[in-house]
Amino acid sequence: MIDIVKVCFIFIFILFLLRKKVNVGYALFAGSLIFLIFYRFDFQNLSLTLLKSISSHTSINLFLSLTLIKSFEYALRKTELMQKMTETSQSMLNNKKLSIVSMPLIIGMLPSLGGAYLSAPMVDSATRNLNISKEEKAFINYWYRHPWELILPLYPGIILASAICGVSLRKLILLNLPIALILFITGFILSMHNLKNDKKFDKTKNHMKNLFSFTPILLVLLTVIIFKIELYIALIINILIVCLYHKKNLREILSIIRYGFTSDVFILVAGVIIFKEMLQISGAVDGIAKTITQSGIPYLVIFITLPLFIGLITGISVGFVGSTFPLLLHLKETLAYEISIAFVSGYVGVLISPLHLCLILTREYFKADMLGIYKKIIPGCVILFFTALIEFAILRYYS
C-alpha cells in the first residue's frame, strides 16, 4: 500500500510542475529525484543502470526518431507538402472533422515511438484559422492516434497479450474491435463542436496532382511496416528524397536536418527513460502489483485495477501486459473476454498516464494545458471502460 501512496505523490508532483509550464523532461527529472528520498538505492548500481539505459539502443533510437521527425516535418513545411496534404484531405473528404482526424489516424498505423510528434503539425495545419483551442487540438492528435493499438497486430502490446495468455490474436482483436470503434466515435462527441461544414472545398482544383503530396508519409509507413526498417532510418531516407526532389542544395539539406537537433529533445528523452527506470529499480511497480494481487478482492476487480494501475504508472501497453498478465493467469483459468477487459483496462491506464510518450509529445508541441487535455481524455476513457464492462457482462451472461 505504501508504494501506491508514494507513486501517487510523485505523479501529483509531476502534474503540478507541468501545470506550472515546467519542461516535461525537467519535471520527470524532478520526479526521479523524489524516488531517491522515498526509496533506498545502491548508488553505484543505480548510476550504472541509468547510464546503460540512457545509452541503450532504445534510447538512442527514440532520440534520433524524435529529432528526425522534427526535421521531416520541417522539410514538409519548407516544400509546402504539408499544406498540400491538408488541402487534399479536405478536398477528398469534403468534411472538416474527417479531414482533421485523418492525419493522426493515418500516422497512428505506424507503431513507432514519437509518431504523435509527426501528426501534430498536420493537425495544427488542418485546424489553422478554426475556432479550436490548443487543448482541443492536442486531444484530437492524441485520441485519434490510438484506436489502432487495440486491434492492429503491428503493435507489440496485443501480440504479447495473445502470446502470454494463449488467446488467438484474431479472437482478441474481435473482442477489442467494439472498443476501438467507440474510441473513434467518442472523439467526435468530445471535440470539434464548433465546426460546421458550411464551406465546400473545391474537389477539382489540383486534386489528383496533390495526392502526390502524401508520398513521403506513405513511404515512411511502408518502409517501417513492410520492410521493418528503423523509423529514424526511414525518416532520413525520406528527408533526402523530399529535398532532392525539390532541388534543395547541400546547405539547405543540412539546415533541414539540423533543425531537429535541439536540447529539448535530449532532455525529454533522458527524463522519460530515467523516470521509467526509477519506477522499476525502486521496486515500486512490483510492490504495487503484489499489494493488489494479495488484497483478497474479487478476481474481476483485480483483472481491472491491476492492469489499469500499472498502465497508469508505466504509460506503455507492453508495460502493463508484461508485468500483470502473467500474474492474472495464476488467479484463475482465464477466458478470452476476461483477457480483453484486462487489456482494455490497462489501455485506459496507458491513455491517462502522464508518462505516455504520445501525450507528452502532443502537449509539448501544442503548448497546451495538461488539465485542459485531461478534461477531454478522462471522459473518453470512462466511456471506453464502461463499454468494455457492458461487453464483458453480455459475453459472461451468454457464455
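Placement of Cβ uses the backbone N, Cα and C atoms for every residue, glycine included.
Per TrEMBL, transmembrane segment is recorded for 21-39, 59-77, 98-120, 172-191, 211-244, 256-276, 296-323, 335-357, 377-398.
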- Residue list, the transmembrane segment (296-323) vs rest of chain: Cβ under 8 Å, 6 or more residues beyond ends. 4, 7, 11, 149, 155-158, 160-161, 164, 276, 279, 284-286, 288-289, 331-332, 338, 341-343, 345-350, 352-357, 359
- Message: So if I exclude everything within five residues of the ends of the transmembrane segment (335-357), which remaining residues of that chain have a CB under 8 angstroms from its CBs? That is, six or more out.
- Response: 11, 14-15, 18, 28, 113-114, 116, 146, 149-150, 157-158, 161, 165, 167-168, 171-172, 175-176, 179, 272, 275-276, 300, 303-317, 319-321, 324-325, 328, 370, 374, 377-378, 380-381, 384-385, 388-389, 391-392, 395-396, 399
- Message: So, taking each listed stretch (21-39, 256-276, 377-398) in turn and counting its Cβ pairs to the transmembrane segment (59-77) that are under 8 angstroms, which one gives the highest count?
- Response: 256-276
- Message: I need to check the long-range neighbours of the transmembrane segment (256-276): which residues 6 or more away from its ends have a CB within less than 8 Å of a CB in the stretch?
- Response: 23-29, 31-32, 50, 53-54, 56, 58-59, 62-63, 66-72, 74-75, 78, 236, 239, 243, 248, 314-315, 355, 357, 360-361, 364
